[in-house]
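Worksheet: one structure, shown below.
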Amino acid sequence: MNDDHVDKGPMIVRVMASTIAVGGVFVWARVFTRTVIRPFFGLDDALIVLTWFLILGYNIAMFISVHRGYGRHVTALLPERYVEAIHAEVIGQVFAIASFPSGKASIAVLLLRLFPGKKLRWFLWTFVAANAVFFYIDAIFILVQCQPVAFQWDHSIPGGKCWNPQVVIVWGFLTGVTGALTDFVFALLPWFYITKVQISLKEKLSVGVALSAGFAAGVCSIMKIYYTSTLGAHADYTYDTIPLIIWSCVELALINIAACIPTLRPLYLWIRGENVKGTSMNQSGYDMRYGSGTGRLNRFANRSGGATELGSSDHVHELNIYQSKTLDVTFEDRKDYNYGYKKSSSPGIRTTVEVHHGNNNSQFR
């Protein structure tokens, strides 16, 4: 049966348009949150915006490719149309591959703001560096696997030659494994910290789920690994590689969503008309807010005589998780602690702070 009339181009366009739109809603909602509601546009925000624009470049290239015939069988295309379709698709691949490292780096920076620590910093940036190496080399391989480069989409060029397709397939497989592992590690990591925070189970689950949306991206990455073998299907390339394109689009959209969901609670509160300018506390205060810069923390003496970190002196963003009961905190002017504020000349003066559940207000007396 001749199925040359089959055209999956419209389906590809619908999937790509919907994923770039949904991802864009989350990204630009995040930008609005970080520039208007809680003004502080950080490195993680810049990285996710860069990721979205790279994905946009991927979409534009693929729309052109579909218009030229991608999504149909090779036998249904005129030679010049096939050349144009593959040319645009190769350019799109480079944009897509380049967008993965920046997206994952944005999530890593977000996690470091929530859970600062030297060991965690090295751990996360090791994954970020590994992704950068594998994905960027993969993008380079896409461009240099044929000599001249144009021979990749135009096999009529005299004297052209390409590498053994297995080279690109194997490297693509390793790249996919690295990306999937990173997605799952970044999604699992917050749970190890959330379980140590003294908040209700409901709050732990809501925050954990918000920070673990990357699980879905990891599943897409596994599907993409499965279809990586189609990279060598040059006999009907414009049709056989469609699943790889689709799963890549969905994964990229999910990376955008996973990176943005944890940052949007101030927007949610703003829409509800609630105050989003409250005071800040870190995990010790069960508020899980995160800051930028040096992250120098004030300390207070608890009733057992120990010192507990209270809040950052730098710019602060929040997940707004509040303790389930009132907490009385006593500040003491003691010489053995560095409080981060100007000490009183009169020793023994105390200030009590009441931190109440469910709002952004702290009462000082």
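Cβ coordinates are placed from backbone N, Cα and C, and glycine is handled just like the others.
TrEMBL does not curate its annotations; it predicts them automatically.
The transmembrane segment annotation in TrEMBL covers 12-33 (among others). Here the transmembrane segment (12-33) has long-range neighbours at 41, 45, 48-49, 51-52, 55-56, 59, 62-63, 66, 70-71, 242, 245-246, 249-250, 252-253, 256-257, 259-261, 263-264, 266-267, 270, meaning same-chain residues at least 6 beyond its ends whose C-beta is under 8 angstroms from one of its own.
According to TrEMBL, the domain 'Rhodopsin' annotation covers 29-268.
If you look up TrEMBL, you'll see 45-70 (among others) marked as transmembrane segment.
Sequence annotations record features per position, and here TrEMBL assigns transmembrane segment to 90-115 (among others). For the transmembrane segment (90-115), the list of distant contacts is 42-45, 47-48, 50-51, 54-55, 57-62, 65, 121, 124-125, 127-128, 131-132, 135-136, 138-139, 142-143, 152-153, 175, 179, 182-183, 186, 189-190, 193, 211, 214, 248, 252, 255-256, 258-259, 262-263, 283, 288, 290-292, 317, 319: same-chain residues at least six beyond its ends, Cβ to Cβ under 8 Å.
Per TrEMBL, transmembrane segment is recorded for 122-144 (among others).
Positions annotated as transmembrane segment by TrEMBL: 168-193 (among others).
Annotation source TrEMBL lists transmembrane segment at 205-227 (among others).
Residues 8, 12, 15-16, 19-20, 22-24, 26-27, 29-30, 33-34, 44-45, 48, 51-52, 55, 58-59, 62, 71, 96, 99-100, 103-104, 106-107, 110, 114, 183, 187, 207, 210-211, 213-214, 216-217, 220-221, 223-224, 227-228, 230-231, 317, 319 of the same chain lie 6 or more positions beyond the ends of the transmembrane segment (242-264) yet place their CB under 8 Å from a CB of it. Summarising the annotation, TrEMBL assigns transmembrane segment to 242-264 (among others).
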Notebook entry, point to check: Which residues of the same chain, at least 6 past either end of the transmembrane segment (45-70), have a Cβ under 8 Å from a Cβ in it?
Noted result: 9-10, 12-13, 16-17, 20, 23-24, 27, 30-31, 34, 76-77, 81-82, 84-89, 91-93, 95-96, 98-99, 102-103, 105-106, 109, 238, 245, 249, 252-253, 255-256, 259-260, 263
